[in-house]
Amino acid sequence: MARDYGKNSNKRPPGKSSGPLLWVFVSFLLGYLAATLFDMQTVKDWVNHNVLAEKPQAQPRVKRVADRKPELPKPKFEFYTLLSRDSSAPTRRTPPPSQNQSPAPAAVPHASNPSASQPLSPAAPPTPPVTQSNPVTGTNDAYLVQIAAFNKRQDAERLKATLVLKGFDVSLMTVTQQNNSWYRVVVGPYHSRAEAEKAQLAVARTEHIKGIIRKLDA
């Protein structure tokens, strides 16, 4: 059985023809709602109040800045003006001193200390002690104990000082022999030979020197 293809091709699906009409209806509905909810006058007032109102406020600020006058610099001559004021003030004159006042006594210069003005003299070096030899009495019965004889006086003085510290009666005798001077260290004098021998033994014990017993004139 043959089919009729011509009739079937003219048929359209019912759902596709209603799509554009639906979009037109939705757009109209949205426009209506927008016009109803938002009034044009309200929108215009909001724009004028929030957006356009800020521009005129900026102009007074510029004017205020322009209206400000520059501050004048302080004068640099304040010191001179104050000085001129001080000089113009009346000065109080001091009365001249009366002639009846007695003049002040002149200061008498104090005498300087003579000890302070004089230069200090250097201290003199201490003088060495001078040992004086005991005078030997010239008697025939006197005896001496010769301890030693030196050709230098310094050696004789040294031995004499040692014996004096030990309690002996010591003296020096100068004898010239063959144009040479000798310095004898003697102990005494003693009135008897026995006393001279005792002194001889005492010197031998302490100094280990055996002296020679001589008469005073020998």
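Think of each number as a place in line: the chain as shown, counted from 1.
Here the Cβ of each residue, glycine as well, is placed from N, Cα and C on the backbone.
Feature annotation from TrEMBL assigns compositional bias 'Low complexity' to 99-121.
Taken from TrEMBL, the feature domain 'SPOR' applies to 137-216.
Under the heading region 'Disordered', TrEMBL lists 83-137.
Feature annotation from TrEMBL assigns transmembrane segment to 21-38. Through the fold, the transmembrane segment (21-38) approaches none of its own chain's residues that are at least 6 residues removed from its boundaries at a Cβ separation under 8 Å.
Per-class residue totals from DSSP over the domain 'SPOR' (137-216), listed helix then strand then coil: 28 helix, 31 strand, 21 coil.
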